[in-house]
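As given in TrEMBL:
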type	residues	note
TRANSMEM	32-49	transmembrane segment
DOMAIN	36-448	domain 'Major facilitator superfamily (MFS) profile'
TRANSMEM	69-90	transmembrane segment
TRANSMEM	102-121	transmembrane segment
TRANSMEM	127-149	transmembrane segment
TRANSMEM	161-182	transmembrane segment
TRANSMEM	188-209	transmembrane segment
TRANSMEM	265-286	transmembrane segment
TRANSMEM	298-321	transmembrane segment
TRANSMEM	333-351	transmembrane segment
TRANSMEM	357-381	transmembrane segment
TRANSMEM	393-416	transmembrane segment
TRANSMEM	422-443	transmembrane segment
Amino acid sequence: MDNNTGTVHESQTSYQSSVTVKTSAVKRTKSITGLVIGLCWFCIFFEGYDLGIYGPVLPILMKKWSLTAIEAGAIASYSLFGLLAGSIVVGAITDIIGRKKTLIFSLALFSIAMGISASATTPEMFAFSRVIVGLGIGGIIPSVATLSIEYSPVHRRSFNFVVTNTGITFGVIAAVLTALFFLDNLGWRILFWIGIAPVLVIPFIIKFLPESISFLLAKDRRDEAAAIANRFNLSLDTFEESKRKNTSQEAEKLQAFRSLLSKKYIGIIIIASMIYFLTFVMAYGLNTWLPKLMQQAGYPLTSSLVFMLVFNLTGVAGSLIGGKIADRIGSKWVLGVAYSLTAISIFLLSFKIESMFILYSLIGIAGIGVVATTGITIGLVSSYFSSENRATATGFTIGIGRIGAATGPVLGGLLLTQNVPLAWSFYTFAIVAVLAVLAVILIPKKSE
């Protein structure tokens, strides 16, 4: 009897120990995922901060340096051209030195450039700093995307990637709030000095953020990869299998790109690229010029900044609500309605509106249509493609859309420089929204 009791006790002890070990392993996995996502979110947050900071200071810089509207719009686009260059140049460096070192270098470059922006004494010096800021962001984005996906469980990769990218919108909101609190009392430079904050997180990245296991395996540094995998209870076999697949898929990548030009996909590729382009024209154009436009419409700068805050806050809410509605009734319907309401609301903003409730409502509706539609469009585009070419299609169409990101600020500046009636600035962005509606209508049916 005692022997049986002892055996049962040992079995229970063994079972409890097994459960404890498994629980500890799960906690370690969750810990590394949370750490990586948190650090990546912080990095992406400052991309949004940079996007949101220029609009509030734009009226002040135009007055200080006697800039024309088109010159101010061009400066806004410089960081985006830097971003495109950074994505190419730094992307190539990443394959040599690794994701972690690239992220550290890019954050340092971004912080230094923000410091140059803060201390700029001429528009030329400021414009130069904006290009360097863009180069830094261009290196941050791919590194963050890779690490946030690689260190997430397979069933949560898409969700964690979306969570990481919410940092952009929250960064814009933080920039506007910072301007509301500090711009009048401390001046415009403080907003850019705050932008050097990413340098403070570099020591944490050096100490806590692991290198990409996929990169280590690609460089035949298996011992280092195994050490990281063991430390955080990750399956090295999964990464090695992924490496084998990637090696065999190099030729398939070219095939995937070629497939985008086939009769089956060319229609949705053209339409999706148009939608992204038009959306980014509105998003970057309005985030740059909305405070200035509202100021010229007769509202004080503080109120104009609140308008920008409402524009982006409603965009966040719209992303969450719009995504759920799209799952029920379809993305095409949601996009069509969102862009239609955006066109109407921007058009109505051209009139002098006495009711602040109506004014905020119109700006909020515009924010939903401009900010919230990007994620819904990604989901729509993805649904048209197979797993073999989905990532290529999404990357290609968003890349075309980035041209719109550079076009929007210049377009707004051109309108103001030509001394056309202020209403036409609103009309133009409303027309862009109407074109987006037409593009949605032209979305082809899915091929079987």
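In case you wondered, yes, glycine gets a Cβ from its N, Cα and C as well.
In this chain, the transmembrane segment (32-49) does not touch the transmembrane segment (333-351); fewer than three CB pairs sit within less than 8 A of each other, excluding pairs fewer than 6 residues apart. By the Cβ criterion (under 8 Å, sequence separation of 6 or more), the transmembrane segment (298-321) is in contact with the transmembrane segment (161-182), since 3+ such pairs are found. Mean pLDDT for the domain 'Major facilitator superfamily (MFS) profile' (36-448) in this predicted model: 81. Of the two recorded stretches, the transmembrane segment (265-286) lies close to the transmembrane segment (422-443), with three or more CB pairs under 8 Å once pairs fewer than 6 apart in sequence are set aside. Beyond the ends of the transmembrane segment (188-209), by six or more residues, the same chain brings 35-36, 39, 42-43, 46, 49-50, 53, 56-57, 60-61, 100, 103-104, 107-108, 110-112, 114-115, 117-119, 147, 175, 178-179, 182 to within a C-beta distance below 8 angstroms of the stretch. With Cβ pairs under 8 Å as the measure, the transmembrane segment (32-49) is packed most heavily against 161-182, out of 69-90, 161-182, 422-443. If you look at the transmembrane segment (422-443), the same-chain residues 6 or more away from its ends with a CB under 8 A from one of its CBs are 268, 271, 274-275, 278-279, 281-282, 285-286, 289, 293, 296-297, 332, 335-336, 339-340, 342-344, 346-347, 349-351, 369, 380, 411-412, 415-416.
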